[in-house]
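Database features (Swiss-Prot):
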type: ACT_SITE; residues: GLU250; note: active site
type: BINDING; residues: HIS249, HIS253, HIS326; note: Zn(2+) binding site
type: SIGNAL; residues: 1-20; note: signal peptide
type: TOPO_DOM; residues: 600-623; note: topological domain 'Cytoplasmic'
type: TRANSMEM; residues: 579-599; note: transmembrane segment
Amino acid sequence: MSFLLCIGILLLPWFPCVCGKCIFDQIQRSVNVVSPPTAQYASAYRFKTQRSKRHIMPMDNLQPIRIKIWIPSESPALSDWEREKLMSAVGEAVSEVSSLLSVKRVKDRLLLNRDVNKYCKFIWRNSSTLNHMKCGRAHENYRFESCLGVIIPDEHLDGCSVYPNPEHPVPTVLRPRGPGVPDADFLLYVFTHNTEKCRAESSVLAYTAHCQTGSDGRPLAGTMVICRETLKKERYTYQHFVKVTTVIHELFHVLGFSKELLSNWKDFGVDCWSHGQVTSTDQTGQVRLYSPTVIRAMQKHFNSTHTDLGAPLENKDAALDGLSSHWEARVLQGSIMAASLVEASLVRIDAITLAALQDTGWYSVNHSRAQSLVWGEGEGSDFGSVSACHNSSAFFCTGSGLGCHFLHLNKGECVTDQYLDGCHIFKPLANASECWIEDNARSGMNEGGGEIFGSDSRCFISNITRLNNVTAYTPVSGHCYRHRCTGINKYHIQVKDSDWMDCPAGTSIEVSGYQGFIFCPENRLCKYSDLAPPTSTQRTESLFSDTTAQSDLGMMEKDAAVQPSFTSLFLVSEAKISLAAVLSLMAVFALLSAAVLLYRKNLSVRVHAASYRTPLPHILYRN
């Protein structure tokens with residue numbers, strides 16, 4: 001049994017990384033999106049996939065978007081540990097998005113609309129009547145509005161009325177107007193549960209959908225379902241960053257990066273769309289996004305003068321029209337808006353994604369916060385094509401060997417997946433592949449290769465082994481060695497028991513005391529200032545510190561109209577201690593009791609537990 005366990009431990013690191021899968025398009029198309037009443041009445045006459053009218057969207061007086069989080073009462077109770085992880089990840093993601101996107105802010109309070117098709121049985125359609133296009137009779141069974149299974153509080157909703165007489169101006173009020181949500185431009189309902197979608201695919205960490213849009217087409221509200229099991233997974237201390245990345249990905253979807261919203265994107269001026277519409281199919285059959293800022297970002301990234309270089313959309317799981325809400329993985333691997341997210345340290349909030357959000361017409365983007373994508377940089381307009389990817393290159397590989405992920409933070413294996421159309425790339429190994437995590441230096445694992453794990457270690461293709469190693473042949477694979485920058489694209493490396501050595505980019509070197517070679521990657525190390533992994537000592541700044549005052553993560557006002565329905569999380573007189581803590585305390589006291597019983601026969605132990613939590617300013621619960 002112990003032998004089999006050892007074999008299992010040895011084999012475990014060689015399985016490729018299991019990545020998070022996004023099912024946004026599947027979810028969004030099942031959601032009925034509610035728009036302002038005038039748009040609801042007209043929706044039956046509009047062909048959704050066409051841009052029926054060109055809109056000019058002024059981009060002045062924009063301020064950082066204020067995203068409010070609402071925790072619904074139907075969300076299952078979480079342990080203190082789970083709740084803390086959830087609030088930290090969601091709060092940090094919201095702060096990051098607020099620092100990236102500015103918007104024309106909602107005046108006064110954000111108030112959502114009711115679905116006229118739910119509360120109204122028929123509408124007066126005679127244009128000669130006083131109450132033309134107003135509701136004439138209510139549905140008897142109308143109860144509430146919902147968003148992806150979450151019941152929207154009446155306080156968040158506008159009122160609704162019926163006009164029983166087509167010529168009588170006085171309506172009958174069905175629901176009064178709610179007070180609305182103050183200081184908010186977008187309302188996100190966060191529901192944590194192990195839903196059927198979560199259980200069906202373990203790679204699904206979360207999913208979202210927008211359910212309300214404003215008069216300009218901008219999303220105003222949506223729901224994010226976070227799979228309960230996601231909060232229980234924790235491989236390393238940086239696992240927090242995985243959750244933050246997932247939440248940012250889903251937030252970008254509900255804020256506008258959605259194929260369902262392409263027809264709502266706004267033009268900035270005359271002749272803005274090079275194809276007369278946002279998307280079109282190129283000569284190879286690839287559907288691309290052809291908006292002006294996206295084209296410029298693509299040209300810059302791939303160093304191309306191609307005047308019509310749109311960003312390709314993912315063809316896997318695309319609709320019949322070829323549209324997708326993700327980038328094509330072969331071309332934009334590592335982007336925050338790829339369909340499959342790898343480890344958080346390898347995901348980039350890239351300039352092309354931010355360009356797309358800019359071209360929605362609803363946001364001004366802080367492009368200075370874009371992160372280096374690296375994948376395909378400078379490789380030309382044909383990079384990532386199926387015809388070219390089957391040859392080994394700086395980004396693609398062939399076969400199934402071991403090597404390094406293209407960012408050189410992780411060891412990898414040459415594999416393909418459902419989004420790569422048969423192309424192969426080096427993906428991180430599932431376990432202990434991170435060179436920058438010191439704990440991955442497992443005793444006995446490739447000691448002869450001179451590996452060093454730590455925050456300044458990176459992955460190098462190598463086949464070195466100590467001269468006294470009995471192994472006759474060492475295959476080329478990824479190894480972890482220390483590095484330090486001496487200039488742009490210039491660095492030294494250090495192998496175990498060696499001095500620092502110059503490693504000229506694009507060459508290979510030998511190491512004294514070892515046989516074999518180390519290959520020095522070109523245009524990867526010491527070139528991008530923002531390519532630094534989280535470390536074991538890194539701590540996320542408190543969600544409640546005023547790191548970005550403009551994100552306005554303020555507490556809901558407690559005026560007389562709102563207070564009965566809003567309360568901040570943890571503002572309660574008693575707090576429950578988590579089950580894990582209780583069990584731990586029980587075990588400790590059981591041991592203590594056993595020891596004391598040697599001296600006493602009877603002992604009564606009473607434990608009082610209490611916990612304190614700082615109020616979460618922007619995370620809100622329904623009473």
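Cβ atoms are placed via backbone N, Cα and C, with glycine included.
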Tell me the Cβ neighbour count for GLU250 (active site), meaning other Cβ atoms within 10 Å of its Cβ, over all protein chains shown.
-> 24
Applying the rule Cβ within 8 Å of the centroid of the Cβ atoms of HIS249, HIS253, HIS326, what extra residues of the same chain belong around the Zn(2+) site?
-> CYS22, PHE24, GLU250, PHE252, PHE257, SER325, ILE336, MET337, ALA338, ALA339
Please report how many Å separate the Cα atom of the residue listed as 'active site' from that of HIS326 (Zn(2+) binding site), as a whole number.
-> 11
Sequence-ordered list of residues in the chain of HIS249 (Zn(2+) binding site) that lie 6 or more positions away and have a Cβ within less than 8 Å of its Cβ, or none, is CYS22, ILE336, MET337, LEU341
